[in-house]
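Beneath this line is the structure, given in structure tokens, with notes to follow.
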């Protein structure tokens, strides 16, 4: 039996794109990734070759019938348009989070992928970290009383990366994955343009009406880190549990998952749960943005 191979192209060669090229050229032995074959990469900048990978034009990538899948690693703002082009060309798509910067676009693209029978996979390496896997084990089965997830990081260019609820959707994904569906009760955002500082504060309720807070804070020189404070009926968790280092890189784990989907090795239940989670987080990101951008309500 000839094993099925999927020709792939990487679009965008920032940090993620370069990691993708590396992992596609060096798949894990006997993993689903061995079914992916890198054809080349697309970039607005001119590179020629990166390692053995050759640069090809966007037109070639879309037209070439030997390319079955695109890995989209461009800036957030251009994800939507790029996903649409590759789906229209009949290709499977892997895209870095956030999938889009609008919930409506995400739902449309997902529908389009389903109509065309193509895999649309959104990378969520934040769920694949050992730190997160340990945290999830620690939280499992406990009753939440209240909790906070506070992220700090360097300044992002919002014209490229989008509103913080979208660019920071990894944090929202954690909260939904840990505590189930959430409802936004309020959200505000403080910006100090002169200082290049931004702080978004979001208040949620769980299905059991327990409060959760997400703070996304960015400014010059801020270390990239997450702080947690989750209080349960049994006590509070303020530090991440100790976690081993994984022998498999996060992008490689994600690539293996994408390849499994292409090979039809992921259950319908898992696919449905993942679709729900991704679209739900994008819906919530949009609600948060609307709350933050509303003019102050004046109560008379």
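Think of each number as a place in line: the chain as shown, counted from 1.
Note that Cβ sites are derived from N, Cα and C of the backbone, with glycine treated the same way.
Automatic, uncurated: that is what TrEMBL annotation is.
Residues annotated as domain 'Gfo/Idh/MocA-like oxidoreductase N-terminal' in TrEMBL: 7-124. Positions annotated as NADP(+) binding site by TrEMBL: 13, 14, 15, 16, 43, 44, 45, 97. For 132-244, the entry in TrEMBL reads domain 'Biliverdin reductase catalytic'. What TrEMBL records for 281, 292 is Zn(2+) binding site.
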| How far is it from residue 97 (NADP(+) binding site) to residue 281 (Zn(2+) binding site), counting Cα to Cα, in Å? | 11
| said: Give me the count of other Cβ atoms within 10 A of the Cβ belonging to residue 15 (NADP(+) binding site). | reply: 10
| query | Using a Cβ-Cβ cut-off under 8 angstroms and a sequence gap of six or more, which residues of the chain neighbour residue 14 (NADP(+) binding site)? | reply | 73, 74, 75
| task | Tell me the Cβ contacts of residue 43 (NADP(+) binding site) under 8 Å, same chain only and six or more apart in sequence, or just say none. | result | 11, 12, 13, 17, 55
| query | Taking just the CA atoms, what is the gap between residue 15 (NADP(+) binding site) and residue 281 (Zn(2+) binding site) in Å? | reply | 24
| query | Compared by Cα position, which of the binding-site residues 16, 44, 45 is the closest one to residue 292 (Zn(2+) binding site)? | reply | 16
| request: Return the member of 16, 44, 45 nearest to residue 281 (Zn(2+) binding site) in space, with distance defined Cα to Cα and candidates limited to these binding-site residues. | output: 16
| remark: Within 10 A of the CB of residue 281 (Zn(2+) binding site), the number of other CB atoms across every chain shown is 29
